[in-house]
Amino acid sequence: MNHQKYIRNFSIIAHIDHGKSTLADRLIEHCGGLQAREMSQQVLDSMDIEKERGITIKAQTVRLVYKAKDGNTYYLNLMDTPGHVDFAYEVSRSLAACEGSLLVVDSTQGVEAQTLANVYQAIENDHEIVLVLNKLDLPASEPEQVKQQIEDIIGIDTSEAVLISAKSGIGIDLVLEAIVSKLPPPKESSSDILKALLVDSWYDPYLGVVILVRVIDGYLRKNMRIKMMATNSVYTVENVGYFTPKKHISDVLHAGEIGFFTAAIKQVADCKVGDTITDEKKPCEQALPGFKPQLPVVFCGLYPTDSSEFEHLKDSLAKLRLNDASFEYEMESSSALGVGFRCGFLGLLHLEIIQERLSREFNLDLITTAPSVVYKIHMRDGENLEIHNPADLPDLQKIESMEEPWIKATIMVPDEFLGAVLSLCTEKRGMQLDHSYIANRAKIIYKLPLNEIVYDFYDRLKSCSKGYASFEWQMDVYEPSELVKLGILVNAEVVDALSTIVHRSRAEQRGRALCVRLKDLIPRQQIDIAIQASIGSRIIARETIKALRKDVLSKCYGGDISRKRKLLEKQKAGKKRMRQYGNIEIPQSAFIAALKIGDE
């Protein structure tokens, strides 16, 4: 098996819904990786949520055995990578494990923003790229137009593009021949000392952590003592193998191969993706380039709707963390919502997926506070802080300046929706950097504050472009900004869970919208309830929920006026006491609806 010239390591790059997982299914079927009765749609997407949303979240790998037309047997290692921007780092290290890529483009839709980001990463990794145009059987397919578009935008030669329909299986053998003939084999091993790239890891209840690796130099075998270079932790390898996509145990993984190993590792957090694995006795001198720890970008609070579920939530988060090292959380408490967790995510899709998995896999009913980002605070006394929880924001008098993160967004949109998209970006405080046309699609590059993106930007972009716009972003810089903490008071009590950090120009509009929303959601009481929005000590908006009138005289039929007066005085005293000590219960539904307000 140590014939490197017969190995091909490749990944599939595609935008969401362009047919990446379907093509992977056809390749597995064609090479006999699974029997026809074992095939299911999107074999490599192991989570239900991946199949339902049509997205890939975790990188998966599969070894295919293909007998080519030249008579040789080739071993093809397919790396199915995530396509969404939140998982860009997972994509980058999956690409680093390969020598080539299949660029799959939907011939009815053309190039999307997401595809661009991943193709440029593949080119940076010196990948050979084979262009595959999919969905050829659809009436709206325009392969020649899409080829021209790809040449104009990406600049790669499209004359040898492979035309296929993954769904109906047309052209799959052409794809396999192109992989064998056009993609290069792994480079010859330069040393016998083990050097392997940690591509991904997940938790198996029986084996502990399973680690996906690409062996660059040397070999990895059972009972070897290995060392992770980023964490300096040492383990003994228990099992070595590969996926077809079933698990196969083998004795050794040679240079150029992609496979997995287990080593009684207890948690995924110990396995940093992109780390270098080497032999403990003879370590390699230099780690592989490109490793960087993943830092959360978006934060929010997760609280159980029923406080008795707290321990269940704690256990569930710990289990999710086993499989997702980029997800972080810490305990926090709120006077309005009780005890919960402050969680950090790679982006909004990551947040949605974690939320959905908590409710689906662990049967939890949760309240999510408004998402926020990391702000840099420069204090007057010279201290510098980084905060992501509005409750931690110091008094404005003590702050010298505040900085917020900005992103660089690339948006591809059909010509007729351009006006609506430009006005949305302007409304979100965006600055246009570039604007170009490719055929009948516009490509615009905007600089936008991340704070404005985390609410509802993606949903609104999709609705104002009828779903045709695609959007990709990367972190750019931190810039000084006029930010304020918008507080919500109910009966003069601050509701910390509804506090947010907003730009001063948006504070009044957002404060009014929240007050109006809460007025409709909080049930009436026997006293007037004041709902106020404030910046510091200044009230910027107010709504009042009028009191219910409880008729205490209904049981007095006629009779003495002093009896009625006595009852009215008693009610008056009770209302006074309620105003003094009364705690207004805000229902959970009010929180959930108020937090969904975005920037309506």
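Cβ atoms here come from the backbone N, Cα and C positions, even for glycine.
Features of the protein shown, as given by Swiss-Prot:
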DOMAIN    5-187  domain 'tr-type G'
BINDING   Asp17, His18, Gly19, Lys20, Ser21, Thr22, Asn134, Lys135, Leu136, Asp137  GTP binding site
Q: Count, for each of the binding-site residues Asp17, Ser21, Asn134, the other C-beta atoms lying within 10 angstroms of its own C-beta, and report the residue with the smallest count.
A: Asp17
**Q.** Extent of the GTP binding site in Å [max Cα distance among Asp17, His18, Gly19, Lys20, Ser21, Thr22, Asn134, Lys135, Leu136, Asp137]
**A.** 18
Q.
Need one number: mean pLDDT over the domain 'tr-type G' (5-187).
A. 76
**Q.** Assigned conformation of Asn134 (GTP binding site) - DSSP reduced to three states
**A.** strand
